[in-house]
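According to TrEMBL, the features are:
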- 85-177: domain 'P-type ATPase A' (DOMAIN)
- 18-41: transmembrane segment (TRANSMEM)
- 47-66: transmembrane segment (TRANSMEM)
- 196-217: transmembrane segment (TRANSMEM)
- 229-254: transmembrane segment (TRANSMEM)
- 590-612: transmembrane segment (TRANSMEM)
- 618-639: transmembrane segment (TRANSMEM)
- 660-679: transmembrane segment (TRANSMEM)
- 691-711: transmembrane segment (TRANSMEM)
- 723-747: transmembrane segment (TRANSMEM)
- 759-780: transmembrane segment (TRANSMEM)
Amino acid sequence: MGALFEPYKRAFAASGPILVRHVFLLVNGVIFAVVALLFLFGEKEAAIFLGIIIVFNIFLGVIQDFRARVALERLQLLTALRVIRLNEDGTEDRVLTEEIKKNDHIRLRLGDQIPCDGLLIDATGFEVSEALITGESDSFPRGKGEQVLAGSIVAAGTGVLRVEKVFSESRIAHMTAGIKRYAANPSPIQHAIDKIISYSGYILLASLAFTVFRGMFAGEPWVQIVKHAGALASTIVPQGLVVITTLLFAFGAASYSRRHVLFQEINATEKLGRIKNLCMDKTGTLTDNKLSVEYMHLAEGAQKHEAEEFMAAYIHGSGDSSQTIKAVEQFLGRTYIGDVKAALPFSSWRQYGAVLMNDVEEKYKEAGIMVGSPDIFLRNIADAKERAWLEKLVSTYSEEGKRVLCLVRFSGTALPRELKKIHLSVAAVFVFRSTLREGIHGAIKFFQDRGVRIRILTGDNPATARAVAYATGVNETDKIVTGAEMEKWSEEDYLLNVPLYTIFARIVPEQKVKIIEALKKDGFTAMVGDGANDALAIKRSDLGIAMFDGAPATRQLAAVVLMNNSFTALPGGVKLADNFIRNIEIFTSIFLHGSFLGFFLFVMVSMFGYAFPLTPLNITLINYFSVGLPGMLITYWAIRPAKDIPPASTERFLKRILPFPLIASVISAAAATAVFITSPDYLKAAESNTLVIIAFIALSYIFFILAPGMYGAAAAPQKKRNALLLCVLEVVLLWCVFQIPIFLRFFDITLPLPSETSMLTALLISLFGGALIPFSMKFYSLKKQRI
């Protein structure tokens with residue numbers, strides 16, 4: 001039962017921003033002021049009707065937004081961070097971070113993100129990266145009795161933490177107070193919409209000032225001035241655009257979950273369609289995460305049983321449970337019976353792990369074992385012949401795209417955290433076999449056909465990375481650079497050189513972060529990863545993508561989680577992103593057309609010496625027909641796309657969106673003004689002009705019909721039928737409004753209604769104006785091409 005209500009609890013906890021988003025708006029402030037002033041001037045009925053409308057709209061928006069939040073929270077619970085809590089009776093529970101209490105004991109393992117500030121009461125080879133707190137990418141050892149901070153990532157080893165401060169009281173919680181996940185990394189569309197709302201607010205204030213001064217100069221009653229001010233506020237600022245965009249993003253997140261793509265940031269719906277640089281690791285992304293040992297090569301003079309003993313000792317002592325070590329363990333088919341003196345678990349930051357054997361029989365006196373990448377050991381191998389043998393072996397198998405793991409010996413009584421002045425000898429080399437992911441060729445081709453540059457970020461040998469990348473169809477695999485070469489780069493070198501390369505091999509986590517930061521300057525950058533060493537790179541990218549079975553820290557920091565652990569699920573998500581972006585473009589243009597139309601109508605009728613011919617309740621009626629009903633159909637199209645979805649445009653959102661509604665609204669405003677000028681005198685003198693209402697709705701519907709074609713959306717036969725049915729529905733509903741007295745009164749319609757001839761004339765003028773829109777856009781496009 002608790003799990004059933006958990007999404008509602010989480011959504012309720014986030015209800016503050018939802019209420020702010022719907023209540024504390026400039027438009028609402030103006031409308032509530034209008035309601036108060038109408039009461040003050042004795043227009044109680046108009047004030048009550050307008051108050052009911054605004055409260056109903058706010059309530060409806062909050063409910064829809066809350067439902068969208070619940071749906072998103074329900075999906076996020078699938079990937080929510082869970083930790084192992086040790087109970088006093090010796091049992092263990094997997095619990096959400098919210099369930100942790102002070103003095104609880106938490107087991108920590110490689111890849112975990114530490115959920116609370118606390119004290120280590122047990123630690124074996126324990127290391128943490130505090131990159132998310134300090135920005136430093138290195139890992140640091142932490143021992144029993146030392147403090148660790150929430151937000152740190154376990155880089156190596158295991159430990160048990162006694163909780164001293166739950167997350168809400170932790171240092172990182174105070175550092176990030178007030179920063180909400182939904183706004184942490186705004187998408188391009190969100191940036192553009194914020195800009196639209198901001199500028200339209202300035203235009204509204206100027207229009208209100210003009211309305212007040214004009215009304216005072218013309219001697220209009222204050223009630224009429226107040227109503228005109230309310231109507232302008234409802235018209236000019238497309239405030240509902242923020243809400244609608246948020247809802248479409250949430251619907252997108254729910255739709256993607258059926259394609260095994262789970263969103264943890266609501267705006268990831270758009271970001272998937274914006275990718276220019278797609279960075280990924282080799283293992284687990286291009287290849288599956290299932291390794292098997294194909295060969296075990298022994299160095300000259302090495303004994304097989306000794307090499308197996310050494311490897312078994314490392315597995316036993318280090319606690320390494322990676323896929324690589326599991327494959328070796330399965331290949332050996334044996335375990336180490338003894339014990340080890342000390343262990344240094346494998347870390348991506350070091351690129352090796354080590355143990356000291358505890359040999360009571362002194363068979364392997366002072367024997368130290370290291371396991372890791374051959375490249376990291378080569379310069380420390382004392383015997384030149386042995387070094388040459390290893391280099392040749394690595395070169396041969398790397399060119400075949402196979403991973404190589406090296407087992408080396410050293411003498412000493414301490415574990416080296418650095419490989420300086422230490423002599424090594426090779427015991428054995430393990431060669432691994434892995435297969436390419438099913439469907440990976442199609443996925444790589446899909447992205448490259450869209451103009452996306454694939455980048456491979458890996459700790460593997462450069463030849464191995466190149467062979468695998470080439471086999472999957474990645475372009476420009478000859479452009480390779482290694483971590484050793486990059487160590488000499490300055491910050492400027494990163495910015496200049498990183499965009500030139502496709503494969504970055506033998507790199508460490510801090511280099512991944514620098515690569516991501518450099519690529520972000522080159523274009524929208526996504527990072528796909530699954531290991532703890534990918535966590536900070538995923539966090540720093542424009543869009544972080546993680547595998548569901550990856551390290552908990554990585555999954556927690558990602559905006560997108562691939563539930564089936566397969567990169568091949570991404571193309572389906574990107575296609576849906578294209579569809580949602582396209583429909584958001586259409587929806588935004590409809591909002592902007594309505595706002596521009598209202599503003600230009602205000603300007604044009606003012607030039608003729610008239611006041612704005614609509615009241616706030618008129619605008620409410622217009623919005624239901626010009627935005628509300630078409631918006632429902634656009635949402636339906638967004639959730640159920642046509643078969644062919646063209647890629648989203650790379651052009652900046654506002655640059656792409658603005659021309660059509662701007663040009664169309666000037667023509668529409670001219671047509672609406674013509675309708676106003678030709679309307680009967682009693683309507684020109686009235687606060688509310690019925691014919692202008694009809695023209696506004698008709699012109700808005702014509703724009704809605706034209707918008708999909710202007711933005712390259714597929715004009716499927718089903719969509720045409722949907723649009724025709726909507727037209728019929730709007731005509732019927734508007735006829736009902738004009739026939740039912742309570743609606744006429746509620747929406748402030750001037751009586752008597754104009755004659756059928758006047759209505760037909762208004763429609764014909766509107767149709768003529770609507771017919772000019774596509775011709776004007778064609779002229780604009782031709783002129784733009786010449787420029």
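Heads up, residue numbers simply count up from 1 along the chain you see.
Backbone N, Cα and C define each Cβ position, glycine as well.
Curation does not apply to TrEMBL; its annotations are automatic.
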Going by DSSP assignments with H, G and I as helix and E and B as strand, what are the residue counts for the domain 'P-type ATPase A' (85-177)?
15 helix, 43 strand, 35 coil
Give me the mean pLDDT over the domain 'P-type ATPase A' (85-177), rounded to a whole number.
79
Paired segments the transmembrane segment (723-747) and the transmembrane segment (759-780) in contact, 3+ CB pairs under 8 A
no
Contact call for the transmembrane segment (229-254) against the transmembrane segment (196-217), three or more Cβ pairs under 8 Å:
yes
What stretch in 196-217, 660-679, 691-711 has the biggest tally of Cβ pairs under 8 Å against the transmembrane segment (759-780)?
660-679
By Cβ distance under 8 Å, which residues at least 6 away from the ends of the transmembrane segment (660-679) in the same chain are close to it?
589-590, 592-593, 595-597, 599-601, 603-605, 608, 610, 613, 689, 691-692, 694-696, 699-700, 703, 706-707, 710-711, 754, 758, 761-762, 765-766, 768-770, 772-773, 776-777, 780
